[in-house]
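Trainee: Here it is: the structure, laid out below.
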Amino acid sequence: MNSTNFFFVIIILLIFLVILPSSLSVALDAITPNQPLRDGDLLLSTTKIFALGFFSPGNSHNRYVGVWYNTIPIQTIVWTANRDSPVIPIAGAGLLVVHGNHGGLVIYGNDQNTPLIWSANVTVSSPNNSVIAKLLDTGNLVLLENSGSGQRMLWQGFDYPSDTLLPLMKIGLNRRSGLNWLLTSWKSHDDPRSGDFSYEIDPTTFPQFIVYKDRTKWFRVGTWTGQRLSGVPEYTTSNIYRIYCYRWLSTHKGVLDESGIFQRFVWRGQENKWIEGSFNPSEWCDYYGQCGPNSNCDPYSNYNFSCLCLPGFEPKFPQDWNMRVGSGGCLRKSGASTCRKGEGFVKVERVKVPDSSRSRVNMSLSLKGCEQDCMKNCSCMAYTSADEREGGKGCVTWYGDLIDTRTFSNVGQDLYVRVDAATLAQFANGSVISKKARLATSLVSALVFLVLVFLLCWLVRRKRQGSNVALLVMYFMTAGRQRKNTFFMEDGTDLNDQSKINSELQFFNLTTVAATTDNFSVANKLGNGGFGSVYKGVLHNGKEVAVKRLSKNSGQGIKEFKNEVGIIVKLQHKNLVTIIGCCVEDGEKMLIYEYVPNKSLDSFIFEGHCWTGKSAVTLLLESLEGSYTFIKTQD
């Protein structure tokens with residue numbers, strides 16, 4: 001090797017040795033003044049559940065410092081430090097440094113001689129104290145100060161959430177420090193800058209959670225009722241326990257996306273993906289104030305319109321209401337007075353109670369005391385209990401318009417709305433009628449139940465006596481009305497089972513039946529009724545038959561026809577006319593019986609006595625030792 005080549009090899013090795021330390025990824029357990037985090041390095045939590053480092057979202061080339069799940073193959077960012085101040089690639093590689101006197105935790109674009117990009121903005125109590133940054137297994141980045149008296153936390157990332165709510169994070173207001181814990185959506189999938197939506201608490205009067213869009217109320221999550229969030233029924237005590245329970249830390253999260261939807265996710269390792277959970281807002285009625293003031297948004301309404309005025313109110317713009325536009329809301333009915341003139345309260349059940357920013361709270365009052373307190377003040381529009389537990393305790397009263405009330409299907413609070421005397425009487429009468437109707441329904445149900453029990457006992461008794469009981473209940477309607485049959489067989493025989501009918505019944509085609517009756521000639525016609533006509537016919541073997549041809553407008557369908565055929569087949573008896581077969585073809589439905597000359601069976605049964613007028617007959621047929629019982633009831 002000549003001297004020139006040797007010189008070039010030495011130069012390349014020196015360049016490689018200079019570049020190598022900065023290009024290799026380093027896994028750290030802490031960031032110290034002497035050990036910064038460079039772009040490409042990772043800060044890992046103790047059990048390596050979470051990692052912190054520089055990242056670029058989506059198609060963006062900007063660099064951000066963020067936290068993500070280290071054990072999940074899909075990179076999922078859960079917290080971002082410099083979301084509104086990215087490291088621009090042309091400025092060089094990013095650097096996260098711990099400083100005792102320059103903000104505590106600082107991000108530079110390249111090195112510490114360049115302007116800082118982001119800072120935690122804290123200072124240590126003494127320049128002699130050491131400072132380190134660590135990532136906890138909760139995903140929380142913390143800045144710790146070590147002094148002679150021990151270690152204290154100077155700053156934590158969980159005080160400044162991004163768009164993701166992790167277990168042990170908070171949404172609320174720290175009145176001592178002034179910190180407002182809130183979620184803020186990303187601008188877009190590729191841009192983690194603060195977006196249009198925020199999820200935070202409204203601390204005025206009765207605190208409630210609200211999602212804002214550009215500082216305008218977008219979706220009201222509601223107040224805590226002691227059992228659930230009033231606007232999100234599925235967020236119950238048990239669910240909240242699961243979210244904050246320590247053993248769920250690495251698998252659960254909630255995200256406020258760029259469209260204003262807050263959704264819960266759970267990681268399913270077997271499928272290697274995030275499973276979507278409940279999300280809100282999910283219905284039209286969830287969005288804030290859809291139906292305007294003094295209304296109730298009811299997605300289960302029978303009027304094909306979700307907006308309904310609360311009791312005692314009427315649409316402010318009736319024409320808009322008729323056009324299914326309810327944003328104008330409702331106002332008190334014309335001429336109605338609710339101030340010491342016989343007014344009262346009407347209960348509206350299972351609702352998300354109105355916006356509590358216009359309410360007052362008194363936790364010392366019972367629900368009855370709350371009613372009395374509201375009644376004393378003519379400006380009080382409605383009241384409810386502040387806490388649903390123990391039958392309701394505490395008092396919330398509203399003054400001014402009632403905004404953003406909606407109905408839920410099976411949960412929710414009861415809201416008591418102030419109404420005038422006329423409206424109160426109207427609802428009171430409706431309540432009395434409703435109670436009477438429920439009482440009547442209960443009595444009828446009890447009576448039917450007793451009759452069924454008696455009938456069952458009677459059947460069991462007959463069966464124990466060795467009888468083979470078949471009970472047939474038939475209704476005959478006179479004046480040409482159609483006969484309707486209901487059949488009950490004690491042995492449980494399925495009368496619609498075609499295979500059982502086929503074994504005992506002949507099927508004729510339409511051509512054969514037409515030839516038998518001389519093409520349904522008038523000369524062969526024996527009679528007719530509401531069901532159709534009956535013809536006499538002769539089969540090819542000379543046997544005389546009677547053909548019952550159902551009229552096409554008789555109303556009897558295939559199911560009823562098969563029922564009738566099955567019953568007659570099962571009830572063959574020497575004293576009953578025998579069915580030979582049937583024909584179902586080209587819309588025709590016909591039954592072929594043996595022809596019985598002389599008199600019909602009813603003349604023997606009723607011994608020539610006729611029933612006249614509009615009468616209904618209930619026929620009970622009991623095949624017990626050859627005896628038959630007939631019971632007649634008349635209108």
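Glycine is treated like the rest: Cβ placed from N, Cα and C.
Just lifted these from TrEMBL, have a look:
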type: BINDING; residues: LYS548; note: ATP binding site
type: DOMAIN; residues: 28-156; note: domain 'Bulb-type lectin'
type: DOMAIN; residues: 281-319; note: domain 'EGF-like'
type: DOMAIN; residues: 339-420; note: domain 'Apple'
type: SIGNAL; residues: 1-25; note: signal peptide
type: TRANSMEM; residues: 439-460; note: transmembrane segment
Trainee: Do the domain 'EGF-like' (281-319) and the domain 'Apple' (339-420) come together with 3 or more C-beta pairs under 8 Å, pairs six or more apart in sequence?
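Mentor: Yes, the domain 'EGF-like' (281-319) contacts the domain 'Apple' (339-420).
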Trainee: State the count of C-beta atoms found within 10 angstroms of the C-beta of LYS548 (ATP binding site), not counting that atom itself.
Mentor: 19
Trainee: As a quick check of your reading of DSSP, tell me how many residues in the domain 'EGF-like' (281-319) are helical, how many are strand and how many are coil.
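Mentor: Per DSSP, the residues of the domain 'EGF-like' (281-319) fall into 5 helix, 10 strand, 24 coil.
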Trainee: What are the helix, strand and coil residue counts for the domain 'Bulb-type lectin' (28-156) according to DSSP?
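Mentor: The domain 'Bulb-type lectin' (28-156) comes out at 3 helix, 61 strand, 65 coil.
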Trainee: Using DSSP, tally how many residues of the domain 'Apple' (339-420) sit in helix, strand and coil.
Mentor: 16 helix, 35 strand, 31 coil
Trainee: If you average the pLDDT over the domain 'Apple' (339-420), what number do you get?
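Mentor: Averaging the confidence scores along the domain 'Apple' (339-420) gives 94.
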